[in-house]
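Structure first, then comments.
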Amino acid sequence: MSNRTRPSVWVLNGPNLNLLGTREPTIYGAETLADIEAKCRRVGDALGVDIRFHQSNAEHQIIDWIHQTRAEAHGIVINPAAYTHTSVAIGDALRACDLPVVEVHLSNVHQREAFRHHSYVSAVARCVICGAGSDGYEYGLRYLAKLLGDATE
Ligand code: DQA
């Protein structure tokens, strides 16, 4: 990554993740979204990666951010939350942007209700991480930093 500008990774978060810390802490943990953002920024600094961090409860806003990544980002870490299981549109937006995508879930969705076992994002993602709590974001950033670094060697 030495001879180019720092890669930019956008970390996108879907509905209800703004409630982390108080929302079902036995499933999602005690950390707030602000804690997770701070962790992503620390990891990004250590890896030499610029981080843009967003959360929205609105599907169209998430889609608009994905469209923006086409011009402004080198990779995406996304926790689409419940839209994972419902949104063909978010899957299509990610497919259209042609950037490496990491899908992250705090909980292990495969140990939960059957409706959480299907994802419209996994088929587009290079890497899927679930059940590692907020560390999943860190692992996703490390994966993308290595991928983007290798691509420039
Ligand atoms: C989640 C899992 C989804 O099934 C759920 O709708 C969420 C959060 C997770 O991070 O574990 O809101 O994406």
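Cβ atoms are placed via backbone N, Cα and C, with glycine included.
Note that TrEMBL annotation is computational and uncurated.
In the three-state DSSP assignment, the secondary structure recorded for R23 (site 'Transition state stabilizer') is coil. The 10 Å shell around the Cβ of R23 (site 'Transition state stabilizer') contains 14 further Cβ atoms across the protein chains shown. Per TrEMBL, the feature site 'Transition state stabilizer' maps to R23.
Residues within less than 8 Å, Cβ to Cβ, of Y28 (active site, proton acceptor) and separated from it by at least 6 positions along the same chain comprise L20, L106, S107. A helical conformation is recorded for Y28 (active site, proton acceptor) in the three-state DSSP classification. Sequence annotations record features per position, and here TrEMBL assigns active site, proton acceptor to Y28.
Long-range Cβ neighbours of D92 (substrate binding site) (same chain, at least 6 residues apart, Cβ-Cβ under 8 Å): none. Look at D92 (substrate binding site): DSSP puts it in a helix. Positions annotated as substrate binding site by TrEMBL: N79, H85, D92, L106, S107, R116.
Summarising the annotation, TrEMBL assigns active site, proton donor to H105. Every protein chain shown contributes to the tally, and the Cβ of H105 (active site, proton donor) ends up with 23 other Cβ atoms within 10 Å.
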Can you go through the recorded positions R23, D92, L106 and pick out those with a C-beta less than 6 angstroms from ligand 1? L106
Counting other C-beta atoms within 10 angstroms, the emptiest spot among the binding-site residues N79, S107 is S107
Do me a favour and check the Cα-Cα span between H85 (substrate binding site) and H105 (active site, proton donor); whole Å is fine. 12
